[in-house]
Amino acid sequence: MVSIKTSFAASCVFVLLWSTGFIVGRMIVGSASPNIFLALRFFLSCLLFTTLALGLNKKWPPLSEWYKHAIAGFFINGIYLGGSYWAIAQGFPAALMALFGALQPVVTMIILFFLIGEKLSRLQGIGILIGLSGVIMVLLPSIETSGGQNYSPVVLLIAAASILSITWGTILQKSSIASSELLPSMAIQNAFAAVTSAALIILLNESTISLNLNFILALAWAVIVLSGLGTFLLIWLIRHGNTTQTTSLLLLSPPLAAIEAWLLFGEQLSLFQITGFALSLTGVAVCRKISVS
């Protein structure tokens with residue numbers, strides 16, 4: 001049994017790390033095509049987790065079980081990130097993509113209720129709605145700026161599919177692969193995510209890559225921090241806790257990313273947005289029923 005303090009600490013670290021994914025996405029604009037970047041990220045992440053798993057003598061799942069890990073990696077990494085990055089590259093606003101992402105806890109809650117009957121208390125439901133309201137407040141200025149544009153049905157479909165993808169990938173982490181050692185599982189998942197991204201490179205005829213400092217720093221951060229620690233903590237939290245409570249943490253990523261963009265790039269942050277961040281934080285706290293003693 002994981003202690004409340006350990007779970008709380010892991011949750012805080014996860015949210016901070018996960019939110020930087022938006023910053024990485026901004027850093028690689030113009031330096032690399034989305035799936036070329038992702039293929040390199042997943043390949044290097046696979047090497048990282050393989051090295052750790054072998055070095056720590058972790059038990060690998062039997063080959064007959066690898067397809068389950070492959071499917072999970074296909075959804076939670078390959079299709080989710082590949083779809084999100086592609087939609088943004090086609091002109092879909094990052095703020096709207098972040099808002100789509102903030103809907104994931106709601107989608108997860110609905111699917112789990114009908115699929116496996118995972119119970120959700122009224123307090124958790126209220127917390128998710130409060131948190132989602134806060135996310136909308138943070139992203140509203142950016143959404144209004146991009147308003148009036150017509151987006152291709154294909155782009156909208158891919159954007160929505162990417163959110164369904166990470167939702168399904170998250171649910172799969174609670175399936176039969178939950179009993180497997182985490183490091184070997186992560187190695188397999190990243191390997192097949194890399195294959196997915198490689199296939200998308202060919203399918204979409206992507207070719208842009210520039211080995212400049214921004215690209216190298218973004219790739220290193222994505223491999224070591226986002227995959228090595230962020231995704232690892234996400235799956236660890238899912239395996240050791242309530243899925244809806246864990247996905248509710250994603251409500252904090254867009255507000256934190258807005259603060260990071262303010263600190264790093266000088267983007268404006270209004271009192272309205274700061275209030276939205278506080279509301280998101282309150283919603284997540286209510287959903288997770290965090291108490292400080």
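Cβ coordinates are placed from backbone N, Cα and C, and glycine is handled just like the others.
Just so you know, TrEMBL annotations never went through curation; they're auto-generated.
Note that the structure is predicted; figures quoted are calculated from it, not measured.
Residues 37, 85, 88, 94, 98, 214-215, 217-218, 221-222, 225-226, 229-230, 233-234, 236-237, 240-241, 246, 249-250, 252-254, 256-257, 260-261, 264-265, 288, 290 of the same chain lie 6+ residues outside the transmembrane segment (7-29) yet bring a C-beta within less than 8 angstroms of a C-beta in it. Annotated transmembrane segment per TrEMBL: 7-29 (among others), in sequence order.
Look at TrEMBL and you will find 12-139 (among others) tagged as domain 'EamA'.
If one looks beyond the transmembrane segment (35-54) by at least 6 residues along the same chain, the residues whose Cβ comes under 8 Å of a Cβ in the stretch are 28, 60, 77-78, 81-82, 85-86, 181, 183-184, 186-187, 190-191, 193-194, 197-198, 200-201, 204, 206-209, 215, 218-219, 222-224, 226-228, 231. Per TrEMBL, the feature transmembrane segment maps to 35-54 (among others).
Sequence-distant contacts of the transmembrane segment (66-88) (same chain, six or more residues past either end, CB-CB distance under 8 Å): 25, 34-35, 37-38, 42, 94, 97, 101, 155, 158-159, 161-163, 165-166, 168-170, 172-173, 175-177, 180, 185, 188-197, 200, 204, 231, 235. What TrEMBL records for 66-88 (among others) is transmembrane segment.
With a cut-off of 8 Å between Cβ atoms, the residues of this chain six or more beyond the transmembrane segment (94-116) that come close are 22, 25-26, 84, 87-88, 125, 128, 131-132, 135-136, 139, 142-143, 145-146, 159-160, 162-164, 166-168, 170-171, 243-244, 247-248, 250-251, 253-254, 257, 287. Sequence annotations record features per position, and here TrEMBL assigns transmembrane segment to 94-116 (among others).
Residues or ranges marked as transmembrane segment by TrEMBL: 123-142 (among others).
Residues or ranges marked as transmembrane segment by TrEMBL: 154-171 (among others).
For 158-286 (among others), the entry in TrEMBL reads domain 'EamA'.
TrEMBL lists 183-203 (among others) with the feature transmembrane segment. Residues 33, 35-36, 38-39, 42-43, 45-46, 49-50, 52-53, 56, 58-61, 66, 69-74, 76-79, 81-82, 86, 177, 227, 231-232, 235 of the same chain, all 6+ positions outside the transmembrane segment (183-203), place their C-beta atoms under 8 angstroms from a C-beta of that stretch.
Residues or ranges marked as transmembrane segment by TrEMBL: 215-237 (among others). Away from its own ends, the transmembrane segment (215-237) comes close to residues 7, 10-11, 13-14, 17-18, 20-21, 24, 27-28, 31-32, 37, 40-42, 44-45, 48-49, 76-77, 170, 173, 182, 185-186, 190, 209, 246, 249 of its chain (Cβ-Cβ under 8 Å, at least six residues beyond either end).
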